[in-house]
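**Q** Handing you a structure now.
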Amino acid sequence: MFSQRKFYTPYTSPTDPCPPIEVKSYETPPQLYLGFQPPCLPQYASAKEALHRGTLWPALYSPYESPYKRGDTGE
Amino acid sequence: MWYYEKKLQYPVRVRECNPRLAKFLIEQYGGADGELAAALRYLNQRYSIPDKVIGLLTDIGTEEFAHLEMIATMVYKLTKDATPEQMKEAGLGAHYVNHDNALFYENASGTPWTASYIQAKGDPIADIYEDIAAEEKARATYQWIINMSDDPELNDGLKYLREREVVHSQRFREAAEILKEERGKKVFF
């Protein structure tokens, strides 16, 4: 299924000096998948919401929170 | 030529005087992947690129100046009333000696902006691919700044700027498709 974030589990050593982050993530926002934008994609209902999101099209919206605050489970 | 509209592209709000955060944000002002580098890169490349994508470079290069202005406003608000002591504590002591509380085109570690941050190879594919990479690097830089910031109102503006990097990357990817398209080529029988 499409997701804007991918996870991987790097090797962790029993002697790592910092407490290991077992699951690491990186962002894969929508422009990596959209190709040439098709015509007539649905737009946000109001100009105000589009301004807040930074794009007219939900298909291009990429939410972001700090991985250190959002509590990743790595599913 | 340009017309200037005397308002920000997106409202900038800052909750607290925090010169330390300004030190990080200055990366997007005068850093290698910052807004100044982006604006100058695109507005310079557009002269020697096929007609079909000149308008895109003009539009995006212009928008980057609107982003530069937002970053400037953020940095200004975070530092305008900081005392020399607060600047020093924030790691901006050297900046203060040089510039008082003025803004300067430098990166987070104080290196001044340089034209070697940008490229104009003259090869349309090379230039557009550089632009795509630049947008992804700017997107990543916004992510790392958001990760270090506890100011929800400032982060709202940073998330908006990050989203614009996503949209610009999308448009440059479309420009690459336009430049690659086979329809305009000569047909030999």
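A Cβ is built for glycine as well, from the same backbone N, Cα and C atoms used for every other residue.
Whatever TrEMBL says is automated annotation, not expert-curated.
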**Q** Suppose a student reads TrEMBL and sees B:GLU64, B:HIS67, B:GLU135, B:HIS168 listed for Mn(2+). Which of B:GLU16, B:GLU27, B:GLU35, B:GLU106 should they find annotated at that same site?
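**A** Between B:GLU16, B:GLU27, B:GLU35, B:GLU106, TrEMBL records just one in the Mn(2+) site with B:GLU64, B:HIS67, B:GLU135, B:HIS168, namely B:GLU35.
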**Q** Report, as a single number, how many Cβ atoms besides its own are within 10 Å of the Cβ of B:GLU135 (Mn(2+) binding site).
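**A** Total other Cβ atoms inside 10 Å, all chains included: 24.
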**Q** Between C-alpha atoms, which of these binding-site residues comes nearest to B:ASP59 (Ca(2+) binding site): B:GLU35, B:HIS67, B:GLU135, B:HIS168?
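**A** Checking each of B:GLU35, B:HIS67, B:GLU135, B:HIS168 against B:ASP59 (Ca(2+) binding site), the shortest Cα distance is to B:HIS168.
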**Q** Counting other Cβ atoms within 10 Å, pick out the least crowded of the binding-site residues B:GLU35, B:ASP59, B:GLU64.
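**A** Comparing Cβ neighbour counts within 10 Å for the binding-site residues B:GLU35, B:ASP59, B:GLU64 gives B:ASP59.
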**Q** Once the chains shown are all counted, how many other Cβ atoms turn up within 10 Å of the Cβ of B:HIS67 (Mn(2+) binding site)?
**A** 26
